[in-house]
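K.L.:
Annotations for this protein, taken from TrEMBL, read as follows:
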- 121-152: disulfide bond (DISULFID)
- 23-52: transmembrane segment (TRANSMEM)
- 59-83: transmembrane segment (TRANSMEM)
- 181-208: transmembrane segment (TRANSMEM)
């Protein structure tokens with residue numbers, strides 16, 4: 001069910017990208033969700049088939065793969081928390097680079113415009129980051145305006161009634177930290193669920209293995225009885241030797 005849910009989210013995300021600006025589409029995220037969902041669904045099918053058929057090998061494979069995913073969850077969550085400051089530095093550098101390339105790069109311009117208009121911010125730290133936007137040094141992009149109109153940002157850098165003066169950097173940092181927090185919580189919850197399922201799988205493996213040990217002597221005994229019965233059921237012929245004594249032969 002978990003794998004199917006992830007696949008549905010990934011497909012929905014991929015199909016809804018046409019309504020999202022190219023700069024924030026993140027097609028790779030949707031494809032990643034679909035792939036991960038398919039992998040989880042495949043592992044779940046192995047587990048279900050193993051439980052249904054009481055197959056020791058399939059249940060063991062299911063538990064092993066699930067354990068690998070638990071280790072991966074722990075590594076990813078730990079890495080995200082360790083690399084927080086580095087990631088934030090990279091994001092800040094990227095945003096500052098896009099601001100500097102605003103007039104020359106369409107991709108940078110689209111990214112900054114979408115961010116400023118959606119969040120309601122201006123620049124990275126504050127509106128003064130746009131000092132080099134126009135030769136006058138006091139103009140900002142129109143997406144900094146509270147009400148976006150053509151040339152609304154011209155000469156409005158210090159006019160708080162027209163533009164947003166707060167930078168986008170603090171908001172991006174806040175969103176990253178919140179995403180990190182909830183991702184860590186969700187990751188740990190699912191890790192504990194997987195550990196619980198692994199314990200159940202190991203219990204089932206023990207039960208199957210125990211049944212094999214009980215059934216193996218019985219099977220050997222049944223096989224021995226069958227062979228004995230088979231030998232007894234074979235007809236016996238009596239022949240007379242040259243000396244005249246009877247000689248028994250089993251066909």
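The backbone N, Cα and C atoms fix where each Cβ goes, and this holds for glycine too.
Automatic, uncurated: that is what TrEMBL annotation is.
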K.L.:
Say we define neighbours as other CB atoms within 10 Å of the CB. Which of the disulfide-bonded residues 121, 152 has the fewest?
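P.N.:
Relative to the other disulfide-bonded residues in 121, 152, 152 has the fewest Cβ atoms within 10 Å.
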K.L.:
Would you mind listing the long-range same-chain contacts of the transmembrane segment (181-208), meaning Cβ under 8 Å and 6+ residues beyond its ends?
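P.N.:
Those are 2, 47, 50-51, 54-56, 59-60, 62-63, 66-67, 69-70, 73-74, 76-77, 80-81, in sequence order.
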